[in-house]
Ligand SMILES: Nc1nc2c(ncn2[C@@H]2O[C@H](COP(=O)(O)OP(=O)(O)OP(=O)(O)O)[C@@H](O)[C@H]2O)c(=O)[nH]1
Ligand SMILES: [Mg+2]
């Protein structure tokens, strides 16, 4: 193609002076465009430098700290290395707590052990119960200076763990304990119980060092709000992880100003579980109420809300085990399969937003799966960046 009519001479060509006017105005436009472009680039750069503030909110045990651990693995300089040794204790405490919860479940059910010779192990677990309670996992004191850590605790805990290992092995293999495990919804058993109990020999090795997966599965309640800084695609993110227990939610509000995005975590698998501190309240129902108060909060009018409907692996297992959603959510209509139930829960959350224009970005997540989280974090970053540009008039 030729350069067309520009500067060509034909019957309708402009006179000499109007041609130069056109040229000048074209030049002016080019200059103005270049200035606009550079201003925009500068503004975009400033926006990136200012970074983004992101809160991870949601009830307890929904996977907030797990998402943070994934961010450390994916974007942190040292991954989870700084915490690896501390998590050895957490894992040991988690596995002791898990067997203890199952033994308590057995006692409440009135079921007898499959093997009467395991009675002695039941006694060991019960004898160590009070001591174990003293070493509550929160006392490990991650970023929690309010709770001093006693040096001597570590050795006492390790000794107790080794004393309990034969009991854990024998009881976990007992069919009655397995039956309790299959019906553990009301026991407040942690999701990683099976993962750790199945690996007891590896965990009992004197040279045991937790793997990344062990750390992702391990559970420590978050007590204090913690701030973490990550660079994701050249944008500095300040990310806040909060404690989700009801009594800790009053500490969230001071962090509510100038928030670019919220990841709201939901444990979909909690649909058949009661709240830890209120037996009469369904855990997922309580989570929906909390989402309502966050999604409609006036400080979050311009904040991107990203909903992580998490623990889909456990959720799916519960559906496969035939635990009906309709028993806990009587307005659910449809088959008890993954497609119908996830659609139902997603709309249940989305309908909480009073502002019907408000965009809520939903992801179905498995937070302990690093491969899945890698993809989701990239998608979240794209959303946050796009909304930031839009809010600052750049889109
Ligand atoms: N199976 C499975 N377990 C998960 C998933 N997400 C988190 N978990 C486990 O759930 C437990 C609780 O996760 P956390 O990340 O500690 O929960 P939290 O929301 O930070 O809880 P608080 O600090 O008490 O508010 C841990 O044992 C995690 O390994 C998931 O998608 N699937
Ligand atoms: Mg936490």
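Using N, Cα and C of the backbone, Cβ positions are placed for all residues, glycine too.
Feature region 'Disordered', per TrEMBL, maps to range 1-50 of the set 1-50, 51-100. In sequence order, 220, 222, 241 make up the list of same-chain residues 6 or more apart from residue 65 (GTP binding site) whose Cβ falls under 8 Å from its Cβ.
A Cβ distance below 6 Å to any atom of ligand 2 is met, among the binding-site residues 65, 222, 310, 367, by 65, 222. With respect to ligand 1, the binding-site residues 61, 222, 242, 310, 367 contribute 61, 222, 310, 367 as residues with a C-beta closer than 6 angstroms to one of its atoms, given in sequence order. There are 21 other CB atoms within 10 A of the CB of residue 222 (Mg(2+) binding site), with all protein chains counted. Classification of residue 310 (GTP binding site) by DSSP places it within a strand. Residue 310 (GTP binding site) has a Cβ environment of 28 other Cβ atoms inside 10 Å.
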